[in-house]
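Positions annotated as Ca(2+) 1 binding site by TrEMBL: GLY1, ASP3, SER5, GLU16. TrEMBL lists CYS52-CYS239, CYS129-CYS154 with the feature disulfide bond. According to TrEMBL, the substrate binding site annotation covers PRO92. Per TrEMBL, Ca(2+) 2 binding site is recorded for THR123, ASP164, THR166, ASP171.
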Amino acid sequence: GCDASIMIVNSNGDDEWRSPDDQSLKPQGFQTVLDAKAAVDKDPQCRYKVSCADILALAARESVVQSGGPNYQVELGRYDGKVSTKSSVVLPHVDFNLDKLNAFFSGLGLSQTDMIALSGGHTMGAADCSFFQSRIGTDPTMDSGFAAQLRGTCTSSQSSAFLDPTPLGFDNSYYKNLQGGRGLLGSDQVLYTDPRSRGTVNYYASNQGTFFYDFTVAMTKLGRVGVKTAADGEIRRDCRYTN
């Protein structure tokens, strides 16, 4: 779901963005949302009527479309959350096996197919080396050449690596990578090594159109998770602070 709680900055440092699980999120992305919010609020007819949560959801869609991925309709009308703490961050862990991944996504009302399609979003972006460094040279499911490449990239825990070879393009190369043992995160590679999910990975690797369609379905379902309303949310005037 999306209530833009990730945008909140707390003076005591206890907010979602500073959670260890969110350290791959870069300030430039947040600034884009802030700029969009400022542009919308310049219009007197729109001022303080469009939530940061809706802008964030639209920005996610636009990043997919402008990178060559599928277009899809974003359902609007979300309100912004009022709480952001490190402990409130609930994300699938990078070393989850398939059973743990399925349990996590099932709790959100999402199927295994939804989960595998959403994982394809890792066709863009990068991850800090701290999230996968323990796999390098020790995980037999990782291609040895890929491990050597990552060893040269990850000279410190502050370094990062692209999630796939086309980090600026939205395509199905993520799944092709998994077939070759070149999944960056353990929770990525397990989708291929586990025979229960391998068939879907293989299908997406050879059918980009189906991946695109399933991704849009899963994103729409994910966008309905944990939606805030006027009863438990607000429309922030500044995305960084509650009203």
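Note: Cβ is positioned from N, Cα and C throughout, glycine not excepted.
Here the features listed in TrEMBL are placed on the structure.
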residue	record	DSSP (3 states)
ASP3	Ca(2+) 1 binding site	coil
CYS52	disulfide bond	helix
PRO92	substrate binding site	coil
THR123	Ca(2+) 2 binding site	helix
CYS129	disulfide bond	helix
CYS154	disulfide bond	coil
ASP164	Ca(2+) 2 binding site	coil
CYS239	disulfide bond	coil
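Within 8 Å of the centroid defined by the CB atoms of THR123, ASP164, THR166, ASP171, the record's Ca(2+) 2 site, lie the Cβ atoms of MET124, LEU163, PRO165, PRO167, GLY169, PHE170, ASN172, SER173, TYR174, ASN177, excluding the listed residues themselves. Within 10 Å of SER5 (Ca(2+) 1 binding site), as judged by C-alpha distances, the recorded positions found are CYS52, CYS239; the full candidate list was CYS52, PRO92, THR166, CYS239. When Cα-Cα distances from CYS52 (disulfide bond) are compared across the binding-site residues ASP3, THR123, ASP164, THR166, the shortest belongs to ASP3.
Sequence-distant neighbours of ASP3 (Ca(2+) 1 binding site) (same chain, six or more apart, CB under 8 Å from its CB) are ALA53, ARG78, TYR79, ASP80, GLY81, GLY226, VAL227, LYS228, GLY233, listed in sequence order. Taking PRO92, THR123, ASP164, THR166, ASP171 as the binding-site residues under consideration, the smallest Cα distance to CYS239 (disulfide bond) is found for PRO92.
Secondary structure from DSSP puts ASP171 (Ca(2+) 2 binding site) in coil. Note on the disulfide-bonded residues CYS129, CYS154, CYS239: the fewest other CB atoms within 10 A surround the CB of CYS154. Sequence-distant neighbours of the residue listed as 'substrate binding site': residues of the same chain at least 6 apart with a C-beta under 8 Å from its C-beta are LYS100, LEU101, PHE104, PHE105, SER187. The binding-site residues listed here are ASP164, ASP171; among them, ASP164 has the most other Cβ atoms within 10 Å of its own Cβ.
Cα-Cα distance from THR123 (Ca(2+) 2 binding site) to CYS129 (disulfide bond): 17 Å (rounded to the nearest whole number).
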